[in-house]
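Here the structure is laid out as structure tokens; the discussion comes afterwards.
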Amino acid sequence: MANYFNTLNLRQQLAQLGKCRFMGRDEFADGASYLQGKKVVIVGCGAQGLNQGLNMRDSGLDISYALRKEAITEKRASWRKATENGFKVGTYEELIPQADLVVNLTPDKQHSDVVRTVQPLMKDGAALGYSHGFNIVEVGEQIRKDITVVMVAPKCPGTEVREEYKRGFGVPTLIAVHPENDPKGEGMAIAKAWAAATGGHRAGVLESSFVAEVKSDLMGEQTILCGMLQAGSLLCFDKLVEEGTDPAYAEKLIQFGWETITEALKQGGITLMMDRLSNPAKLRAYALSEQLKEIMAPLFQKHMDDIISGEFSSGMMADWANDDKKLLTWREETGKTAFETAPQYEGKIGEQEYFDKGVLMIAMVKAGVELAFETMVDSGIIEESAYYESLHELPLIANTIARKRLYEMNVVISDTAEYGNYLFSYACVPLLKPFMAELQPGDLGKAIPEGAVDNAQLRDVNEAIRSHAIEQVGKKLRGYMTDMKRIAVAG
């Protein structure tokens, strides 16, 4: 099979990369009705599989789970989760032939095997759904022409998809129809109904393409979302300890610092995150972020280039075929790093202390978010898509580090994201070592003392922060989510 993106001509590639439209609330007036009375069979019962299924059932849809025979006979975790939540469970052969919509929510590396197994069992005119388009775009999976292929991609982990639904809200979601597989022209109606059934329409839905979702998703997770957090954690910890900071305190400052810093990012973008600093610290964080952007820009561009060309995917799929040798080696090496093995700090660190003593970390977040966004947009991805795949998801990933350090992050994210994370962080750490050697007192681990600032310089820095394109689009999208939440709560 050939990489689907690489079979397109340049005009088609640009058109699919640039497909992004913010959908109006009125477009979801029918809710999930298009799928009511139809049989929806979910393959896979992991975090996305279970939680999307719970939401869809609560929205009035007929949901069941198709699992492999051995998962049922051996009563594996997927079988237990589905049955304990009262779902009908059966083998592929029992459930797939009756399905109107088969939703494939297994891990990326299992998609080809799953699709090749279910396709012959699917009835004529059925639909196949994904929540990530890797199998279609990068693997180039060929789907029978009578089958409609759609995607509904919540921009949050599965647990968050469920929690927001229970609160009467939802999570921002991308939807798409594969242009090669929409024989009856009903793909968009199916995708809209599925998105509404998960609650996504209450938080904002982008009409996208399989191509735009895959290329932007890979770029975000490799760079700012996972790779930058891993590289930053390792570099900052080593620097603090090298300068005499207690390893336990250094570990806590970093482990919980990312979450604290990015909570401000979530509420008010880079502007609010930077506003949490004193004026001298803000000027220093801005200067550091500009240096970091200059150093890291070629690395971000290389990752985007390799994603666009398919080089990244072919390398990762070669590792799949080699029993994940590289992935497992990198995972083991990460687990042995000084940051991961440092003792726990029993004392308390106040919220503002994370900002005051984490100026470099704030600079890393700002530089990484802006670089990821800029690199995606320069490659033809629309700003709204780039925002969701950079700034929006960062607090969610930072929260996983707060739970159990880098181990937890790498367990929670997909194997695809983990592989890309290691590629980036293994290149980024040595790249930034000379920069780390030149840091000044107050950049990390100590607060920058209050002092006089140049008003004109502060004015210009504030203007530069607030006028960045990610701040403009972010303000619009966060405002929409807030408005929608208000409506949902009132309703």
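Using the three backbone atoms N, Cα and C, a Cβ is placed for every residue, glycine included.
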Looking at Swiss-Prot, which one out of ASP217, ASP238, ASP246 binds Mg(2+) 2 in the same site as GLU389, GLU393?
ASP217
Swiss-Prot has CYS45, GLY46, ALA47, GLN48, ARG68, ARG76, SER78, ASP108, LYS109, GLN110 binding NADP(+). Which one of GLY140, GLY158, GLY168 is in the same site?
GLY158
Once near-sequence residues are set aside, which residues in the chain of GLU389 (Mg(2+) 2 binding site), 6 or more away, have Cβ atoms under 8 Å from its Cβ?
LYS155, SER216, ASP217, MET219, GLY220, GLU221, LEU225, ALA372, MET376
Output the one of CYS45, ALA47 that, of all these binding-site residues, has the highest number of other Cβ atoms within 10 Å of its Cβ.
CYS45
Three-state secondary structure of GLU393 (Mg(2+) 2 binding site) from DSSP?
coil
Give the residue counts of the domain 'KARI C-terminal knotted 2' (345-484) per reduced DSSP state, in the order helix, strand, coil.
107 helix, 0 strand, 33 coil
Would you mind reading off the Cα separation of GLY158 (NADP(+) binding site) from HIS132 (active site), to the nearest angstrom?
13
Specify all same-chain residues, apart from the site residues ASP217, GLU389, GLU393, whose Cβ lies within 8 angstroms of the center of the Cβ atoms of the Mg(2+) 2 site, ordered by sequence.
LYS155, SER216, MET219, GLY220, GLU221, LEU225, TYR388, SER390, HIS392
